[in-house]
């Protein structure tokens, strides 16, 4: 399967120059790109743009939000009409760092110690980005021209649902396969989906706190309600639906009950001198790959409207709903579509063979318990695999770390896959 002499030289180069790979991770981490607050990735993306231009890539860079640009670098294949193309995708933004967190070392000064590299974003996912870039540089160092197109995407906004990847798809970038180098501990993964939503209970009349007795006691004469208290019924209804889903729904690769409804944030009322005339609940729903977020939204709304009909006041003042969004920052909403993997596909079979050839171990296929931008690539019709270095429990954590051996092995596996995939003729 492999042109061993070429592959062996490439892999030896990675081993010989792993300090350069680690230095690249450190450079990327040194650009503080936490999201939120976001709007801080331009310098890091300019570095990546320059890096890719030196490799002979055609580079496209555009603002998704002010000071938050995407970068897409294309290595055009020598026979791109006949050979398979590949997208390497990753996000440059990282999880926020709170001042109260107790880091052993400064989070944006990545340090190497006892076989790990530590710093914000090393696992999620500047380690994966560095592996992609270093693999491309290794091909360039050996003057290897791939027959198929290689497209590298460094995108913004993943941490807050801003879907820089969706912007790439809308700009027309496509391929025969996409690999998202996000945190998967080098397992080949698909994922469930996530959608957030706002549920609002609103009274058309505002009551003084002094009239509460009239609202709740016999003979009070006022037909009104506290929006906060009515929201409590809806939360109870969500919990009942969540338990029902856990019993009645399942999906291969997921433990029972992964389809959750999280009442994540609530706000309501004006101040203590008023009966709360409005209450808003922000929820996060995880759903399975065989479901669509449109189906899930309909199911939740239908259930809560039935709950409301059982309440005399909410029967006349039903809750309203707002779903999804384009940004947790801009409009307080997000969608991450689900995607499944085809274990019999050429891509999965090739990646399995390469991993076994290089490590002597079978690579696992599974479903991620979190979400990535991979769903947007899949929704655009691109077969997609989540395959990247780092453990999920390290992502977003204080003292975030990545095992160096895993990063190096991932880089070698990815490099080999790039070479082999882009030398396969289109089906």
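Any Cβ shown, glycine's included, is placed from N, Cα and C.
Taken from Swiss-Prot as is:
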type	residues	note
BINDING	91, 124, 182	Zn(2+) 1 binding site
ACT_SITE	93	active site
BINDING	124, 159, 396	Zn(2+) 2 binding site
ACT_SITE	158	active site, proton acceptor
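The subset of recorded positions (91, 93, 182) lying with their Cα within 10 Å of the Cα of residue 159 (Zn(2+) 2 binding site) consists of 91, 93, given in sequence order. Comparing CA positions across the recorded positions 91, 93, 124, 158, 182, the one lying closest to residue 396 (Zn(2+) 2 binding site) turns out to be 124. The Zn(2+) 1 site, placed at the center of the C-beta atoms of 91, 124, 182, has further neighbours from the same chain whose C-beta lies within 8 angstroms: 90, 125, 128, 158, 159, 180, 181, 183, 372, 373, 388, 395. Here residue 124 (Zn(2+) 1 binding site) is positioned 10 angstrom away from residue 158 (active site, proton acceptor), judged by their C-alpha atoms. Neighbour count (other Cβ atoms within 10 Å of the Cβ, all protein chains): 18 for residue 396 (Zn(2+) 2 binding site).
Listed in sequence order, the residues of the same chain lying 6 or more apart from residue 91 (Zn(2+) 1 binding site) and placing their CB within less than 8 Å of its CB are 125, 154, 155, 156, 157, 158, 159, 164, 165, 182, 373. Most Cβ neighbours within 10 Å, among the recorded positions 158, 159: 158 holds that distinction in the structure as shown. Annotated pair the residue listed as 'active site' and residue 124 (Zn(2+) 1 binding site), C-alpha to C-alpha distance, rounded: 9 Å.
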